[in-house]
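A.B. asks: As annotated by TrEMBL, transmembrane segment applies to 20-41, 61-78, 180-204, 219-245. The domain 'Palmitoyltransferase DHHC' annotation in TrEMBL covers 134-254. Annotation comment: TrEMBL describes 304-337 as region 'Disordered'. Taken from TrEMBL, the feature compositional bias 'Low complexity' covers 310-325.
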Amino acid sequence: MSATTAITPKFSMMTTPCRICFKAAKWLPVLFIVTVVVWSYYAYVIQLNLFTIASIIEKCFYLIVYHVLLGLFLWAYWQTIFTDIGTVPKQFRLPPTELDRYESAETDEVRRDVLERFIQKHSLPVYNRTMTGDIRYCDKCVQVKPDRCHHCSVCGVCVLKLDHHCPWVNNCVAFTNYKFFILFLGYALLYCLFIGATTLQYFIKFWKNQLDVDGKFHILFVFFVSIMFAISLVSLFGYHVFLVVKNRSTLESFRAPIFRLNHTWMQDKDGFSLGALNNFIEVFGDDRKLWFLPVASSLGDGVSYPVRGQQPPSTTTATTSPVQSYGSTQTSLGDGVTYPQRCVDEDTDDLLGARQRWADDEEENELMCTGYTNSHTHALEEVIVQANHTNPV
């Protein structure tokens, strides 16, 4: 392979008509949700409030609360669907020479050596490994995987802090939109519970044969549909709240990340846990006024993380991330590549300085790397472990 050969990820070779049909089919679950919401609006606002409820005060109260919940629900749903997923910075992709050596290697030991030399040469902040202690590498995207990054077979790319690919939003739930996804679940649950609670008395009237209006079947069905969705949402929302408190992704809850502990590679589900409050802040940002709105809510520098016993970073902090910025959709703390660890082995302690070296090496390439910003990542050095091998977070 020539040194000037362009490296392209190894995507599936679907023909253009098949690719178009596949992309269109992926929107069917979203279309189903939108259809249900539109019908529920007709059933609740038109049939129930305008044609059935006689009390003006009751109508006004129901309509005001309903539209507030509907607006927040749809806003969060929109943000979850259309927020760009966090893709891996190109610094992690193997250049042609290393890729040629990696693919032509005859043994696993040689391939392992190629990847080890690559991350050391570029000072990449990669600390998670496979069960055998190998560097996590994606053959399809021909790149090293940052910590908590996984390949999405539906999107065909590696995604930063991938939680799962959700067909109901036709998007990956990951680093850039995880807050939006949780708010979507929460407001969808409140939306369904409110409809179910306010239509219950009219369902009872229907059951007693006391509801004599033309739209009574719409009211009956909207009650059943809201309760059905609420039952499914309460478990899903509760599970993701648990994951936020524990600082885990869905993938990590089933397959724990592997850390260097006591001179050996071991699985640790709580390896990224900083404590319940700090875990929450890492996902929802440090601007408390915006925690429950589907907007950017990080006042920090996009790199540093909360530290136990300290206040969130000040807005005057002048550090930025060397990796790509996600603009107004940046909700969580950090850059999606580096994460503070609960416990770090002393053998890894010396490698933590790679975060600073990696940032400094990339500063001089800032003008050539569109979408990337140079920075100093001094805040990340705070996660270096102390003498007892436990960092302050």
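For all residues, glycine too, the Cβ spot is worked out from N, Cα and C.
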A.B. asks: Using a Cβ cut-off of under 8 Å, list the residues of the same chain at least 6 residues beyond the transmembrane segment (61-78) that approach it.
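C.D. replies: Sequence-distant neighbours of the transmembrane segment (61-78): 33, 37, 41, 44-45, 48-49, 53, 169, 180-181, 183-184, 186-188, 190-191, 194-195, 198, 293-294.
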A.B. asks: Sort out the residues at least 6 away from either end of the transmembrane segment (20-41), same chain, that have Cβ-Cβ distances under 8 Å to it, and list them.
C.D. replies: 14, 70, 74, 77, 81, 154, 167-170, 195, 222, 225-226
A.B. asks: Taking the domain 'Palmitoyltransferase DHHC' (134-254) alone, what is its mean pLDDT?
C.D. replies: 94
A.B. asks: Please count the residues of the domain 'Palmitoyltransferase DHHC' (134-254) that DSSP assigns to helix (H, G, I), strand (E, B) and coil.
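C.D. replies: Looking at the domain 'Palmitoyltransferase DHHC' (134-254) with DSSP, the answer is 66 helix, 17 strand, 38 coil.
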